[in-house]
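Annotated features in TrEMBL:
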COMPBIAS  13-22  compositional bias 'Low complexity'
COMPBIAS  74-93  compositional bias 'Basic and acidic residues'
DOMAIN    116-185  domain 'Glutaredoxin'
REGION    1-22  region 'Disordered'
REGION    74-105  region 'Disordered'
Amino acid sequence: MWRSYITSPVKIHSTSSHSHSSFHCSSFKDIQSLCTDDPTPLHNNNNNNNTSRKPSVFHRARIVHAFIRSLKPESESPFKREPKNDTSADENNKNSLQVQQQQPTIRIPGADQRVVVYFTSLRVVRSTFEDCKAVRSILRGFRVQLDERDLSMDSSFLNELQRILGGGGQSKLTLPRVFIGGRYIGGVEEVRQLNETGELKKFVEGLPAAERGVCNICGGYSFVLCGECDGSHKVYAEKGVGFKSCNACNENGLIRCPSCSYAPF
């Protein structure tokens, strides 16, 4: 009984060892070879080095994808961008310049060597103030002689501008208004278009350069307080007349700076 029990494991052991005699144990250094698509055993790799490997599944997928993509027309490509059509913008700029050139020329006598700007420094109308600020900033960038005439500081500039443009006080004037070399250019839109196209630089070429710094007398405001009324616009008259308006200054009690301002037109 015990004899038969002992001999049975030997038979089982012999059969199991015989069945697993062909098993080949590999280490982790051979894991790359196990993951390849070549079904040949590891111990036969040296004998089959000259044999070509079969292409992988991913390689076949890439080939098929490239073939299908080559069959598609170019118009269906999602990465194809149509060129932008800028001809409309160029035509608009050319048309605006042509319209401006066809307008009757308005000139200011005695202003051939400077740029004259009629503007306002009041912030009552925000859009007008921003337009005036933008135009002055563009023109100051060229560093030429600039004659800035603020209508909010002196109301006589309004009558002067209406007389130059021929409005006669009936038509509503919009600010700013720009004259370069005595020639009327236009408002904010015309100045911006000329600046973007580079034509504005050609207009200001040849004009005298502006002096550096600000005026020591007015501080760049082009106006100073009246010396007769001290800015009150009222003077006392003898012989019982009392106070009357000062004739030496404007309604704000200011006079033009004798150092940097220009004479009225």
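Sequential numbering from 1, following the chain as shown.
Placement of Cβ uses the backbone N, Cα and C atoms for every residue, glycine included.
Averaged over the domain 'Glutaredoxin' (116-185), the predicted model reaches a pLDDT of 92.
Residues of the domain 'Glutaredoxin' (116-185) grouped by DSSP class, helix first, strand second and coil last, total 25 helix, 17 strand, 28 coil.
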